Amino acid sequence: MHDSEKASPPSPQMSTPASVKDANPNVNVNAQPIKPAMLNSDSEKGLPSSTQVLATAPAPINADAERRLVRKIDLHVYPILFLVYALSFLDRINISNARIQGLTEDLDLYGNRFNIALFVYFIPYVLLEVPSNMIIKKMRPSYYLASLMAAWGIVNMCMGFVKSYEGLVVLRFFLGVLEAGVMPGIIYLTSMYYKRHEFQKRMSFYFCSVLAAGAFGGLLAYGISHLDGHRGLRAWRWIFIIEGAATAFISIVSVFLIVDWPDQCRFLNTEEKQLLRLRLADDGTELARMDTLNRYAYKLIFSDWKIWLGSLVYMGIGITGYSTVYFMPTILLEFGWTAEAAQLHTVPVYVVTAVGMLGAAYLSDRFKHRYGFIMLGAAIATIGYAMLLNQANLSRDAKYTAIFLASIGGYMGTPIALAWLTNNISGHWKRAFGSGIQITIGNCAGIIAANIFVTQESPRYPTGYGTALGLTWLGALAATLLVVYLALENRKRAAGEGDGRLSQPKEELDNMGDYHPSFQFTL
C-alpha cells in the first residue's frame, strides 16, 4: 500500500481475523481499533508508515509485548551510550585531577591560567552543538559518535605529552571541538526510541554516567598517583595518557554497539519496528510532526519560548555540576586533606548525588511532573551554598556536608530540565534544534564556572559560591515562568482556542510540531 493511499480503519463491529494475530502476535485482538487520527503518514521517528503498520497491526499492541520491546531497547540503547558519555566527561574533567598531581607546577598554571585552560574548551563546545545535531541527523549515529570518540581519546593522550601552557590550551580547544556533538547527539538519538514520560529516568541514567566518571576519575587518579616518576613521567601525565588510550580503544568496539536511528537499527526486526511505531503514535505526538525543514519550521523553532526558557533553566541549575567537577578536588585539598585523600573524598559525594538524582527521576516520571523537582533541587542547593558562603566558623566535616548538599541539589534538577524540554517539543527537526539550542545555552554555565572560582579568593571563594547560588535561582525563576506558560497553553488548547490552526494549508498542518493543537504539555 502506498503512503499516499488512505487506509480505512476496521469497523468496531468487525472482529479481528485470526490471520492478523497469526501474522503479528503483538496485536491485542480483544482491544478497540486504532483511532484513525493516529494513522498518519511516515512517522517522525523514521519507522514504517502508518498505513504499512495498519496492514499488519490493526489493533492496539499487547502490553506484554510492549514491555518486552522496551526492555530490549533499554539493553541495546543505554549501556554503550552510558559508557560513551562517561568517557566523554572523564576526559573533559581529568584536568581537575591532574591539577593537584603536579600539573600546576610543571606547566606554570598559576594565577588565572588554569581557568583559561578550562574556559577555552567551551568556546567550540558551545558553538558546535547545534551544527553537530544537524550532521548526526543525516548520518548513522554509530559511525559519527564512534569517530568523535576515537579522535578525542587521541587528543586526551596528547595532553599527557604537552610541554607548555600554550600547548595545553590548544589541545583543550580541540577537545571541545570533538566533544561538542556527544551530549546533544545522545539525547536526540535516545528521544526517538521512547515515549515522553519514559525519558526522564533514562536521562538521569545518563547523568549517572557523569557522576560515575567523577567518582571513578577520583579513584583512578588516586591509583595513578603511585605511577609518579614511572618512565620519567609525572603522575598527571599518566592520567591523560591512560584515560585517553582507554577511550580510543573502546571507540573501536563502540561502532558495533551504538544503535542507529529506529529505521536503521539492526537489533529490531520488522515486527518490532512496527510495534515501536504504534506505541510512539499512542504517545500523542503522531500529528505533532516536523519532518520538513523550511521557512515555516524555522519560524516555529526560533520563536518558541519553551526552548529559550528551557535553555535558561538548564544553564542556571547546571552551574553546580560544572563547579563541582572542575573544582571539588581543589576545594577538598584546601579543606585540609592531602592530594590523595582529596581525590578519594570526591567519591562519596558523587555516589550520594547519584542516589538522590535517580530517586528524583523515578518520582518525576511516576507523577509525570517536572517543575516541583527542579524547585526542590534548588532549595537543597541553596542550603549547601549558604553554608559555604558562611564557612568561616564551620568545621571541615560541616563544610564537607555543604558540598554534598550543593551537589545533590544541583544535579537533581539538571537531567529533569533536559527531559522537561524534550517532553514538550515534538517533531524530528524541532527536537534536533531544540535539544541542540538548550545544551548550547546551558553549557554556557561551564564558561561561567571556569571563571568564578578565583585563586586569589581561596579557600572561601565567595564569588564562586555566590554566583552559583544566584544562577541556581535564575534557573528556578525561568522554570516558574515556563510552568505557568505551559499550564496556560494547555488550558487554551483544552478549550479549543488553538483549533483555528487546523485550517492552515496541509503542508503547514503536517509540519507544526508541538504547535499542533492536539499536543499537550508536561508540567
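The backbone N, Cα and C atoms fix where each Cβ goes, glycine too.
Listed in TrEMBL:
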DOMAIN    77-493  domain 'Major facilitator superfamily (MFS) profile'
REGION    1-33  region 'Disordered'
TRANSMEM  75-93  transmembrane segment
TRANSMEM  113-130  transmembrane segment
TRANSMEM  142-162  transmembrane segment
TRANSMEM  168-191  transmembrane segment
TRANSMEM  203-224  transmembrane segment
TRANSMEM  236-259  transmembrane segment
TRANSMEM  307-327  transmembrane segment
TRANSMEM  347-364  transmembrane segment
TRANSMEM  371-388  transmembrane segment
TRANSMEM  400-421  transmembrane segment
TRANSMEM  433-453  transmembrane segment
TRANSMEM  465-488  transmembrane segment
Using a Cβ distance cut-off of under 8 Å, indicate which of 113-130, 142-162, 168-191, 371-388, 433-453 has the most pairs with the transmembrane segment (347-364).
371-388
Contact yes or no, the transmembrane segment (75-93) and the transmembrane segment (371-388), 3+ Cβ pairs under 8 Å, gap 6+
no
Relative to the transmembrane segment (113-130), the stretch among 142-162, 203-224, 307-327, 433-453, 465-488 with the most Cβ pairs under 8 Å is 433-453
Using a Cβ distance cut-off of under 8 Å, indicate which of 236-259, 307-327, 371-388, 400-421, 465-488 has the most pairs with the transmembrane segment (142-162).
236-259
Cβ contacts the transmembrane segment (203-224)/the transmembrane segment (400-421), at least three under 8 Å, sequence gap 6 or more
yes
Using a Cβ cut-off under 8 Å, which residues of the same chain at least 6 positions beyond either end of the transmembrane segment (371-388) come close to it?
313, 317, 320, 360, 363-364, 394, 398-399, 401-413, 416-417, 420, 461, 465-466, 468-469, 472-473, 475-476, 479-480, 482-483, 523
Six or more residues beyond either end and a Cβ under 8 Å away: which residues meet both conditions relative to the transmembrane segment (465-488)?
305-306, 309-310, 312-320, 323, 371, 374-375, 378, 381-382, 385-386, 388-389, 406, 409-410, 413, 417, 420, 424, 445, 448-449, 452, 521-523
Taking all residues of the domain 'Major facilitator superfamily (MFS) profile' (77-493) together, what is their mean pLDDT?
91
